[in-house]
Structures are given as C-alpha cells and as structure tokens.
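*Asks:* So TrEMBL says this about it:
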type	residues	note
ACT_SITE	E95	active site, proton acceptor
ACT_SITE	C340	active site, S-methylcysteine intermediate
BINDING	C115, C119, C122	[4Fe-4S] cluster binding site
BINDING	G166, E167, S198, S221, L222, H223, N297	S-adenosyl-L-methionine binding site
DOMAIN	101-335	domain 'Radical SAM core'
Amino acid sequence: MEEIKKKDIRALTREQLREFFVSNGDKAFRGNQVYEWLWQKAAYSFDVMTNLSKETREMLEANFVINHIKVDQMQRSSDGTIKNAVRLHDDLIVESVLIPTKSRTTACVSSQVGCSLDCRFCATARLKRMRNLNPDEIYDQVVAIDNESRLYFDRPLSNIVFMGMGEPLMNYNNVLKAIDKITSSDGLGMSPKRITVSTSGVPKLIRKMADDEVKFKLAVSLHSAVDEIRTSIMPFNAKFTLSDLRESLQYWYQKTKSRITYEYVVWEGINDTQKDVDALVEFCRFAPSKVNLIEYNPIDDGEFKQASNAAIDRYVNSLERNKITVTVRRSRGKDIDAACGQLANKS
Ligand code: SAH
C-alpha cells in the first residue's frame, strides 16, 4: 500500500535533493552524493550507496523509489547491431539500438512508447502512442547502450540519434532534459555535437529549439518536397505544410548556423521521378544541408517498395550537381527488425 506514495527520486533536481536532506536535519552535501549515485553511477538501489550510513539509506528507501529500465531482451544482428527491448517501470516496452561501425558506436534511442504521428511506411506508427518517456528513461537507454558498447566493442558510446520509437519533438521537455543530463558533467559528459534529434518536422517546435539555442544537431525526415505526395505518405503534413516547415528551418539556420540533415527514402512510383528530385533540390537551397538517402526497410504488407538504383542515382547526381552533400546509407540490423522504421516490439 505504502509503495504507491513513494516518489520517484530521479524526478528531483540536485537542488531539491539537497533541500530534502536539509529539511531532514542532515547536510546538503548528502544530496550531492545521492545525485552522483543516481546519475553518474546509474545506481538502481539505495543499498549500493556505500558512502551513506545505513540509517540514511533506509530513510531514502522509505521515502522514494528508483524507477529504472530493464533490458528485457537483447538481440544481436549478424552485422553487429544490437537491439534492446527495454521494459519500463510500468511494464511498457520500448526499443533502442546500438549501431557499431569501424570508428563509432551510435545509440538509436526512443522518446515515446509508440508514436502519435501516422507515417504510412513506419512500423512504429502502427502502435498507438501510449505515453511519453521520462528524462531518466531516455537517459537509461543511453547508459545501457554505453555499457554494451564497452562490453562488446571495448569502447564507449560515441554518438546518439533520436531515431527510435516516437517523435522527439512531441516530447520536447523530457527530451531536452535527457539531453541536458547526457551532456552535463553530472551525467555522461557527452558533447551535444554528437547528438542528433530527428523529427518528422513540427514547425512550431523547430522554432522553439532555435529560440532555446540547443546545441545538438537536427535531422528532418522529409521523404518528399511536394506537399501532395508528402501528405499522402505522412498525413500530418496536411497540418504542418512544407512551406511552414521550410520557414521554421530557415529560422533554425539563421539562429544556429547548424546544417540541416534531411532523411529521405526513395520509393518506386511515389517519389522517384525527376520532378521529385528537382523539388528536393529546390527545398534544400535556403541553407547548407545534407541529404541522407536511406534504404527502405519493408514492413510487412508490401505497399511501399524501394526505388531502383537508377532512381537513386538520379537523386545523387542532381544533388551533387547542385552542391548539396548526399550520402546513400544502407540499413543495419535488418535481420532482427532493428532498422529504421522497424521498431514495433515484435520480438
Ligand atoms: N519521429 C522521428 C524519429 C523516428 S523515425 C522522425 O520521424 O524523424 C527515424 C527515421 O526512420 C525517420 O527518418 C523515418 O522517416 C525513417 N523510417 C521510418 N520507417 C522507415 C522504413 N520502413 N524504412 C526506412 N526508414 C524508415
């Protein structure tokens, strides 16, 4: 019964923890000690906080819980990619992915359970959005992958992309809090330049990010620079139109001077003509940008099909001719449903 009343200790700031100890007749610095255990040392129980007295630990235990994630299942792909099924304190599951390359280890993390957007080519869209993740649930996914990277690849995590389940900008405050923790010396001390937030494009929130002077990188899942087509594959585009998106990105660039990356899948019969290419080139003109042509990862029903190599080449040639950086990215972890757009709690 009592359990229900206990507060999640990781919802407290360092200052609030310090105040908690003072109001309990103890020293403020105890708050710092606990804060370090919770965030730098990722402690999941009060028992391990050995620089606190037994009484203090019991007192914490009586007042708080430490909600934490649990990696329920870990799958390894033949290409080295690792997918974690992560169980949250309320038994909901999200997925995160570790992607190793020669020079980096990238964590692909989730920001929501399910997703409220309705991209027709994405498996996560078929799960309804159940809830936003808390900052610590996002942070914990990163810590779990950092540990796996050290264990299996002998090196720390080097990059983070918010390209797992959910739309990060629809969980703006918690994503920013998690990134603060990941980048602060209290947490993992990672450079924000190594973090990319990927969004389907919510113009109002892109402007807000610019105003908030965030230091991480921005990627936009564009997939088409023609309104009619984009709306047919990403229905929310009817509400957040391309011109609105473009204006917000212009604002972002003016404020941050940070290059924008566009993610783009080319599908047969959808966006594989020269007209589509020209529209993309035009869309990219206002600021330095980079286009990642990503491979389509089929999701069951076969409605969408990856375009031919000739169509991809058409994109590459036109973009290069117009001095827009373009990369063609092959997906990783397909054999374990860990690739972009395949995260749907299947295993
Ligand atoms: N909601 C955010 C982040 C999650 S999606 C966003 O939209 O950016 C991560 C990337 O995977 C996006 O670029 C998305 O468009 C892409 N994606 C979704 N389904 C895919 C699929 N089946 N194959 C390839 N990429 C896909």
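Backbone N, Cα and C atoms are what each Cβ position is placed from, and that goes for glycine too.
Tell me about the setting of these features in this model.
*Replies:* Cβ neighbour count for E95 (active site, proton acceptor) (all protein chains, 10 Å cutoff from its Cβ): 25.
Summarising the environment of C340 (active site, S-methylcysteine intermediate), the number of other Cβ atoms within 10 Å of its Cβ, over all protein chains shown, is 27.
In three-state terms derived from DSSP, C122 ([4Fe-4S] cluster binding site) belongs to neither a helical nor a strand segment and is classed as coil. Cβ environment of C122 ([4Fe-4S] cluster binding site): C115, I299, G341 lie under 8 Å away, each six or more residues apart in the same chain.
Cβ neighbour count for L222 (S-adenosyl-L-methionine binding site) (all protein chains, 10 Å cutoff from its Cβ): 26.
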*Asks:* Check each residue in the chain of S198 (S-adenosyl-L-methionine binding site) that is at least six apart in sequence and keep those whose C-beta is under 8 Å from its C-beta; list them in sequence order.
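*Replies:* Spatial neighbours, sequence-distant, of S198 (S-adenosyl-L-methionine binding site): V161, F162, M163, P168, A219, V220, S221, E263.
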*Asks:* Rounded to a whole number, how many Å is the Cα of H223 (S-adenosyl-L-methionine binding site) away from the Cα of C340 (active site, S-methylcysteine intermediate)?
*Replies:* 13
*Asks:* Given the recorded positions C119, E167, N297, C340, state which is nearest to E95 (active site, proton acceptor) when distance is taken between Cα atoms.
*Replies:* C340
*Asks:* Looking at the binding-site residues C119, E167, N297, which ones sit with their CA no more than 10 Å from the CA of C340 (active site, S-methylcysteine intermediate)?
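*Replies:* Hits: N297.
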*Asks:* Would you list, in sequence order, the residues of this chain other than C115, C119, C122 that have their CB within 8 A of the centroid of the site's CB atoms, where the site is the one recorded for [4Fe-4S] cluster?
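*Replies:* Not counting the recorded site residues, we get L117, D118, F121, A123, T124, A125, E167, S200, G341.
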*Asks:* With Cβ-Cβ distance below 8 Å and at least 6 positions apart along the chain, what are the contacts of E167 (S-adenosyl-L-methionine binding site)? List them in sequence order.
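*Replies:* Listed in sequence order: S111, Q112, C115, S116, L117, T199, S200, V202.
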*Asks:* List nothing but the largest Cα to Cα distance in Å, as a whole number, among the residues G166, E167, S198, S221, L222, H223, N297 that the record says bind S-adenosyl-L-methionine.
*Replies:* 19
